[in-house]
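Remarks on the structure that follows.
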């Protein structure tokens, strides 16, 4: 089956949106049959919180994203969950706009890296909704 992303085809111009940006980036990079929500409770790190060791490559994407947000908060005094930024989805990649070192660019780069990582990583069904108390120590 061929999946055509209308977002990519339309070449939507840059726009600031906050957390919705990250969801849109994820939708752009993941397989067509998946929804961004399927990544919200996956492994030890995809979703709220996180502990233990990532259980696979996809979970490692979330682990790296969590740490990226943590660095943005601690080192740069940014608020990643509410930070607006501008980006463009084009030609199967994501372009972040803004000056390097600004909160907008830092957060966009965190989200971009994670979304592209999601697109490159295998989604293993049995790692969704796992017992984190048992598997994430």
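Note: Cβ is positioned from N, Cα and C throughout, glycine not excepted.
Small disclaimer: the values here were computed from a predicted structure and weren't measured.
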Which of these, 66, 71, does Swiss-Prot say binds Ca(2+) at the same site as 45, 47, 49?
66
By CA-CA distance, flag whichever of 45, 47, 49, 111 among the recorded positions is nearest to residue 68 (disulfide bond).
111
Checking your reading of the structure: which of the disulfide-bonded residues 46, 96, 108, 110 lie inside a 10 Å Cα sphere centred on residue 66 (Ca(2+) binding site)?
46, 110
